[in-house]
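Below: one structure, written as structure tokens.
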Amino acid sequence: MVFLGPAPDGYWCRIPGAAELSERCGWTLEEEQNLTVLPLHLANGSSTGKCERLDIVWDNSVSCTSPLTRYGNDSVSNLPLAACHDNWVYKHRHSSIVSEYNLVCGNAWMLDLSQAILSLGFLIGSFILGYAADRYGRLLVYLLSCLGVGICGIIVAFAPNFTVFLIFRFLQGVFGKGTWMTCYVIVTEIVGSDQRIIGIVIQMFFTLGIMILPGIAYLVPTWQGIQLVISLPNFLFLLYYWVVPESPRWLLTRKKGEKALKIMHNIAKHNGKYLSPHYSEITISNEEVSNPSFLDLVRTPRMRRNTLVFMYAWFTSALIYQGLVMRLGIVGRNLYLDFFISGAMELPAALLILLTIDRIGRRLPFGISNIVAGIACLITAFLPEDIPWLKTTVATLGRLGITVSFEIVYLMNSELYPTTLRNFGVSLCSSFCDLGGIIAPFLLFRLAAIWLELPLIIFSILAVVCGLLILLLPETKGISLPETVEDVEQISSHFGKCGKKQKHRDTNSYI
């Protein structure tokens, strides 16, 4: 939304009859503004002509050279004013959804709504597609979601009105959630415990997308073009049907052992290895296939603790992350450069995780990164504006901290839920990320209108509390992915005891 909905360069409210007068007189847009709006601003310094206009109507008797002379120069300030509702003129009509759908003045809150509606789509997608992925398969839901994102993205780009824009932006959020979470779960389940750090590598490619985005926005002059560029690649991902296998772990939970065994043999073959003979017994199971349920996430003590802590962690990470990103659009500097630098700072965050996560573990970096982000936000809020380099440096440290947190929450959340509930559980917890995304634009822009740094104070409190709560979670370094709720309950708060008990159950560790 930072690039789809920037404030337009120049616009004003057109006086009724001014369009016909402009056409008759052959005025350019600049001449029309100078002759009809500038005198109002000169006579009434508090009026910009953007949200109000002179309450007059012009006809063919008005002069082309001095249309306001009939009222006298001294009386312009005494003319009545009327609020502008739908008669705005923009120098660049299609550069932003703001100018496309008149999201200015009294309609400015609708820009916040357009970002919140996307996060609402993420929220609904978490429930619907998270459940569907655990019941009908990861790959099927992923491919359908990619198709949905592509189709809805195209419709958004050519939406004839703001209502259609909102509806399909919401649906794009629903399907977008399906692509991201299902993709992450597939990768987490398809590798052994020693390779689960690949989840962090996935985040690095997310960062590359963040870094590329301002370049796209700079080169593509219209919001429709930007929307198409970020939507059309989703159709290419449909080719993954012939490349990416279904999760063997999911197939086993659905009593489809033969398919799982075939996929594992294929993976082993491509890696130049072979499955042990005992894997032929992997299909033997008398357990009834069960569908995911929310009660399973809160019925037992440690599952309940994990669920509540992760819900708050997702909410905090998203609210602060999105808030800091959108804050770049209101601090008044070079948006494209600041956005690129802000995204580039996520690469050191990923590298920091890669260097520490298998040495120190997950929990400490997760908790400390939140506390560091909170302290950095608090300091940034009170640093003077006349030391911009220091303010930027400390703010960047906060962005670094919350990025580390955002990347680890994916990994730990997937590691502390059993296979039978993993996609549904991660999607449900991450729905609070979407709740944070819904709140973020309203909190940022409305509180910033009171005091620019006030949102940072809120961010700092949320982050520090989150860091302390995370310390209640167990360490997941070195443990095998739990297959059942009972496995999760056996994980100690300080070390994954079930990791030793379950090592033989990690079906991918040999592959």
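For all residues, glycine too, the Cβ spot is worked out from N, Cα and C.
Curation plays no part in TrEMBL annotations; they are all automatic predictions.
Keep in mind that this is a model prediction, so the values were computed, not measured.
As given in TrEMBL:
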- 72-478: domain 'Major facilitator superfamily (MFS) profile' (DOMAIN)
- 113-132: transmembrane segment (TRANSMEM)
- 139-159: transmembrane segment (TRANSMEM)
- 165-187: transmembrane segment (TRANSMEM)
- 199-220: transmembrane segment (TRANSMEM)
- 226-244: transmembrane segment (TRANSMEM)
- 309-330: transmembrane segment (TRANSMEM)
- 336-357: transmembrane segment (TRANSMEM)
- 364-383: transmembrane segment (TRANSMEM)
- 389-412: transmembrane segment (TRANSMEM)
- 424-444: transmembrane segment (TRANSMEM)
- 450-473: transmembrane segment (TRANSMEM)
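Counting Cβ pairs closer than 8 Å and at least 6 residues apart in sequence, the transmembrane segment (139-159) and the transmembrane segment (199-220) reach fewer than three and form no contact. Between the transmembrane segment (309-330) and the listed ranges 113-132, 165-187, 226-244, 364-383, 389-412, the one holding the most Cβ pairs under 8 Å is 389-412. The transmembrane segment (389-412) is not in contact with the transmembrane segment (226-244), judged by fewer than 3 CB-CB distances under 8 Å for residue pairs 6 or more apart in sequence. Of the Cβ pairs linking the transmembrane segment (165-187) with the transmembrane segment (424-444) and spaced 6 or more residues apart, 3 or more are under 8 Å, so the two regions touch. Taking Cβ pairs closer than 8 Å, the transmembrane segment (199-220) reaches residues 3, 183-184, 187-188, 226, 229-230, 335-337, 339-340, 342-344, 346-347, 350, 353-354, 357, 406-407, 410-411, 414 in its own chain, all 6 or more past its ends. Mean model confidence of the domain 'Major facilitator superfamily (MFS) profile' (72-478) amounts to 85 (pLDDT, 0 to 100 scale). Listed stretches 113-132, 364-383, 424-444 were compared with the transmembrane segment (450-473); the greatest number of C-beta pairs under 8 angstroms is found for 364-383.
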